[in-house]
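Colleague: Quick paste from Swiss-Prot:
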TOPO_DOM  1-13  topological domain 'Cytoplasmic'
TRANSMEM  14-34  transmembrane segment
TOPO_DOM  35-188  topological domain 'Extracellular'
TRANSMEM  189-207  transmembrane segment
TOPO_DOM  208-573  topological domain 'Cytoplasmic'
DOMAIN    209-261  domain 'HAMP'
MOD_RES   GLN276  glutamate methyl ester (Gln)
DOMAIN    280-544  domain 'Methyl-accepting transducer'
MOD_RES   GLU535  glutamate methyl ester (Glu)
MOD_RES   GLU542  glutamate methyl ester (Glu)
Amino acid sequence: MLIKRFKMKLGTKILCLVFVVILLFSASVGTVMLKEITESMKQMATEKAKGDLALSSTYIDDVMSGDWQVKNNKLYKGQTQINGNEDIVDLLGEKTGDTITIFQGDTRVATNVMKNGERAVGTQASSEVIAAVLKKGKRFYGQADVAGSSYQTAYMPLKDQNGNIIGMLYTGANQSILASLTQSLFTQFAIVLVIVIMVSVILVLVFTRKINKRLNALKSAFESAGNGDMTIEVSDKTGDELSELSVYYNKMRMKLNDTIQTVQQSALQLASASQQLSAGAEETNQASEKITEAVQQIANGAQDQITRIENSESSLKQASADIRDISANTAAIADKGQLAQSKADIGQKEIANVQAQMDAIHQSIQKSGEIIHQLDGRSKQIEQILSVITQIADQTNLLALNAAIEAARAGEQGKGFAVVADEVRKLAEESQQSAGQISKLIIEIQKDMNRSARSVEHVKTEAAEGVTMIQRTRDAFKEIAAATGEISAEISDLSASVTNISASAHQINDSFAANTADIKESTKNTRQAAALTEEQFAAMEEITAASETLSQLAEELTGIISQFKMINQAENG
């Protein structure tokens, strides 16, 4: 109860924490600052006392000429008596704002320090000051007790003309001034502290309000998720830890949503499978009953089968003998088929040789035709040459005639030339006659070559037809050889098959005997199977009961999962 009563929210905790931290920090800073300020003020007061001491000493030297001296047990400055001289100390006190005292030895003889409402004349300085100033001849600066009050003081020794210390000059600032100044600073610090605390509280409130808003969004999302609603998504893009927490929540939400949907689908599948299992078990029970009846029928029919097998065994032996005869006949047919295939192969080779010879004859005829064609061309060339020779002979005869005429004109000088021209004419005439005879022979040769060309063409046609017929004959022999080979192969396969059938028949005959024993054993096993089937029927009844229980569990799981609101359901809604 106490824990619940003092339970605070996160914003209140942060506010209290910030408040405590500010207070501790302010207290620490205030303490250090107060100490530093106090020390600084004391230092400033001491420095002021130093300056005022020098000012007072200089002022006294200015207004009072002469050395310090003691006459008639009185302290003098020059000719001015210091004992009871209140004017000088009051004047210096007004100028400096300090307390001023002039000592004769260690005793105050002139001072503006008040004690119990009177000037503290006749009182002594503190032992610390006496030891430092009067005995050691040094100046003293610092805090000292003055007539029962604490001051920041400055002391200097007063010496006569011989250098003997005969007294002291003192200036001091009262600590009450420091106390009031310190109190004023502390008051200002407290005011600033209160302002800082108020501003901090406001900033913390604004900050915690924003955080509370973001935390409330997360809280609402987690609360909805706890109640089964997975549709709420938290969007926080500030980039801090709460933003990361939002991202992790969204990832968790999606993962949990997928997991629950998977479980839901699995539960539905489980329910469906359990129903199918129950239905299958029921069908199996029915099938088991039918199997029991069938097994019993099989057992009853096994004996009848044994009787039929024994009757078939004698028939199988006769079939085996017939198969052996078929195997022998098939082997003889296979030998004849191989012989026919051998003859077909020989005929195919002979046809191939004849075709090769016909191809050679056909090629020779083609070459003869080409040669005759070439001779016809050559005879035409010779005919052209003879024509040229005839033309040359005609021209030569004409030239010889002209030469004879010219020789006759020349008389005796042309007789020799006339003889030569006559011989040339004779040669030209003989050339013409020879060319005519050759032309006749060439015409006869051309006629013979034309007849030969026609004969060669006819022979070529006949040879081509012979090659075609031989090719057809060769193709026919190939088909005969192939068919004979196929028949031989089929006969060989048939022979092998018959041999295998014969062997199988022997095996079947042997197997019938073994099967008879196996069927007897099977009958025994069938009766045992009937008993096992009854046991299986009882087991299937147990499976049916278990599947019904599984179906109930699946329905309960589906009901539990239906309490969750999925993301896909919200989108479809």
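Each residue, glycine too, has its Cβ placed from N, Cα and C.
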Colleague: If you measure GLN276 (glutamate methyl ester (Gln)) to GLU542 (glutamate methyl ester (Glu)) at Cα, how many Å is it?
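Modeller: Each residue's Cα considered, GLN276 (glutamate methyl ester (Gln)) and GLU542 (glutamate methyl ester (Glu)) end up 15 Å apart.
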Colleague: Cα-Cα, whole number of Å: GLU535 (glutamate methyl ester (Glu)) versus GLU542 (glutamate methyl ester (Glu))?
Modeller: 11
Colleague: What three-state secondary structure does DSSP assign to GLU535 (glutamate methyl ester (Glu))?
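Modeller: DSSP call for GLU535 (glutamate methyl ester (Glu)): helix.
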Colleague: Give me the mean pLDDT over the topological domain 'Cytoplasmic' (208-573), rounded to a whole number.
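Modeller: So the average pLDDT across the topological domain 'Cytoplasmic' (208-573) works out to 72.
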Colleague: What are the DSSP helix/strand/coil residue counts across the domain 'HAMP' (209-261)?
Modeller: 39 helix, 1 strand, 13 coil
Colleague: List the same-chain residues at least 6 positions away in sequence whose Cβ sits under 8 Å from the Cβ of GLU542 (glutamate methyl ester (Glu)), in sequence order, or say none.
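Modeller: Sequence-distant Cβ neighbours: none.
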